[in-house]
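The structure appears below as structure tokens.
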């Protein structure tokens, strides 16, 4: 909206805006009253909703076994039903909603969700799928409403809906117990609310102005509460907000007090409100998962003391560590593991073939160590002697009776560090088993405390420090975390704390004093999630992909089945839609360049055309910006990536295609005779929709499932449709 219109008064401004929209709608619909146009649009919208629900809910119960990541998110839904704590790299909202949906539809949380392909049997899994598909289905009508709001063009709005409705990738991704349909729903909700907010910007501080801005704030918070990639929609809304405030600042008719009110309103609705929603999700998460579970080992000892059933919950154990105590050592970094060993040796060619020392995030008896004096083994008659800051000690592994040991051999993965091994027999080793205990911030000769003390173990002979990090060993090391001896002793990953402490000669103390506050748990959870997310690596034999492959639809993702007798589902985009979107994106970049050059050279379009082109290209630019924000950051991520990560960007790309189609119709309308324009409009639109519909007919077995051999076999239902060698169909 041109800010200068405000001086005409709110009534005149609203009338002008409504009149402009009525003319625009009439132009795109070929005339008619506003009431007739509204009825026509809502009729098409109703058809879009019906087709979306029909295509998404069709064969929802098939296949009746676990598909792809249902094994993770179905299991996490079960954890919420059973109230058991677990660890995941994503925020909790999506899994909480899946668990709630399962609970409300009769699922009891007992199914193990062990691996893809396992039959559900009598398990009531359809309720969770129905919930996910219900949210995933909102993407299509929201795209219709968003593009209609931006262009007031029914062909463009219908095309945006069709591109998502008839895309096999969007269909497949919405039909299973996954986080993606939930997140895509919230992303599209944020985009729609933002577009509605822009449409009422000429009525600041009105009821609907507040409603749509609060709606955008709620949806960005919900998206971020499902997955951290929701950050990109926050950035998109944030950039739009900054642009809007910048325009307001340039309107000299507005007093600074009014501009400050705009700034304050956006701060409350787009920062404070989303933050409150996000924190509330974690409050519910912590309140619900109060029992000990599979994720305990990823959290600090203090955090674990809040979980019922954990050894540290209301535990009574000695506070001060003494010689002869049995202890566990936990690395102090976020998601740090417990010092661990087992009977397996390092393979030949990787330093000494001695016993492996690793860090393990799960609790078992192989994490237990006895702390001993450096010069002799403890005996029953010894008086109690406490371990103090600066003491020299040995650590004997309880199960194998070998000592924690290092020497000047390179570590298996981190070659600049030294290898750490288990060495000796029955607690007897050599001088390379001796470590000096250092308490961070502790006074000289102060006692070592359970949980509280941050401890370094400095090797007596080499001066390196016992170290662990997020790097995992290969299969020979059971994919556990590497433990090394780090010559740089001040590294933060050299810190450890004593988690479990057993000594029958010492009095027990309560663990309740160690329990963290809600803020402490919130901060620790985020540190662990960020650490876990950045450390995600591909499993052996797993099909991953690279960002450059995604827009090309180069390679899909197998959801179910490998053999000819299996029920196969394959996540792959409709190639006609995806390649059309790619061509449209390239065309949009070219149009932006051409229009920039025309503007610089002083070309001026007729007023009606100029105004419509300006609004259409502005919408296209913001859709292109949304695509870039949801796609380009993946090039800089070190974690493992999959094809499904592209779908948020694909939403923006499809809406961009529809908006550029509206731009094409607009240019044709003003460059050709009405009769020619009408034919291009009717026949061109019909041709596009027929092609998209036919391509969906060809590739729909990818989504709805199929039996038989792969596409290179004449008996395959996909024979002749393997248009790229990289497709595993």
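Cβ coordinates are placed from backbone N, Cα and C, and glycine is handled just like the others.
TrEMBL labels come from automatic prediction, so no person has curated them.
Positions annotated as compositional bias 'Polar residues' by TrEMBL: 1-15.
TrEMBL lists 1-31 with the feature region 'Disordered'.
Annotated transmembrane segment per TrEMBL: 125-144 (among others), in sequence order.
Residues or ranges marked as transmembrane segment in TrEMBL: 178-197 (among others).
The annotation transmembrane segment is assigned in TrEMBL to 209-239 (among others).
With a cut-off of 8 Å between Cβ atoms, the residues of this chain six or more beyond the transmembrane segment (263-286) that come close are 91-93, 96, 205, 210, 213-214, 216-218, 220-222, 224-225, 234, 237-238, 241, 245, 518, 521-522, 525. Marked as transmembrane segment by TrEMBL: 263-286 (among others).
For 318-374 (among others), the entry in TrEMBL reads domain 'MIR'.
Among the features that TrEMBL reports, domain 'MIR' is placed at 384-440 (among others). When DSSP labels each residue, the domain 'MIR' (384-440) comes out as 3 helix, 29 strand, 25 coil, counted as helix, strand and coil in that order.
Here TrEMBL flags 445-501 (among others) as domain 'MIR'.
For 576-597 (among others), the entry in TrEMBL reads transmembrane segment.
The transmembrane segment feature in TrEMBL is assigned to 618-637 (among others). Distant neighbours of the transmembrane segment (618-637): 150-151, 191, 229, 232-233, 235-236, 239-240, 547, 550-551, 585, 588-589, 591-592, 645-646, 648-649, 651-653, 655-656, 659-660, 663; these residues of the same chain sit at least 6 beyond its ends, with a Cβ under 8 Å from one of its Cβ atoms.
Look at TrEMBL and you will find 649-668 (among others) tagged as transmembrane segment. Through the fold, the transmembrane segment (649-668) approaches residues 28, 139, 143, 146-147, 150-151, 153, 155-157, 159-160, 163-164, 167, 169-170, 184, 187-188, 191, 550-551, 573, 577-578, 580-582, 584-585, 587-588, 591, 609, 612-613, 616-617, 619-620, 623-624, 626-627, 630-631, 676-677, 680-681, 688 of its own chain, all at least 6 residues removed from its boundaries and within a Cβ separation under 8 Å.
Residues or ranges marked as transmembrane segment in TrEMBL: 680-699 (among others).
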Helix, strand and coil residues within the domain 'MIR' (445-501) as assigned by DSSP: 6 helix, 27 strand, 24 coil
